[in-house]
Amino acid sequence: MGRIIFVSFGLLVVFLSLSGTGAALNCASGWSGYDQHCYKVFDKPKSWADAEKFCKKQTSGGHLVSFHSSEETDFVVKLVSQTLESQILWMGLSKVWNQCDWGWSNGAKLKYKAWAEESYCVYFSSTKKGWRSRACRLLGHFVCKSPA
């Protein structure tokens, strides 16, 4: 009887210690869990817009990865390092400045556009700290994130 209680207590301790790591999250096969979200690294480079569309199609509520803590960043960087070598990876942050509500001074709607600047999107590196921006049209690997 005492042995059964000891084993049951041991299993409870293991379960509770794993519950914060994503082991108890309901993530699809191939996805990894952390803090109520599921993550997956994709190794086929895409533009920022194509990567975001791809993430939305993968799972309900899916988007390019967003970071809300250094711990989450560390988790994703470790996940990436298990899948890819040093890479540039898109994240879900962008500055699409030319999509503001522009209009001509005579009141006409802006239909023709000839912007000289590009939109810039944010990426992170699996080996370097910090975020950087580059043209959204360039290709990069990416990580999708969705609610668990």
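Heads up, the Cβ atoms here are built off N, Cα and C, so glycines get one too.
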According to Swiss-Prot, which candidate among Cys38, Cys55, Cys100 shares a disulfide with Cys144?
Cys55
Which of Cys100, Cys136 is the other half of the disulfide bond that Swiss-Prot records for Cys121?
Cys136
Tell me, from Cys27, Cys100, which cysteine Swiss-Prot puts in a disulphide with Cys38.
Cys27
Residues that sit under 8 angstroms from Cys144 (disulfide bond) by C-beta distance, when 6+ apart in the chain
Tyr39, Lys40, Phe42, Phe54, Cys55, Gln58, Thr59, Gly62, His63, Leu64, Val65
Count up the helix, strand and coil residues in the domain 'C-type lectin' (34-145) according to DSSP, in that order.
28 helix, 40 strand, 44 coil
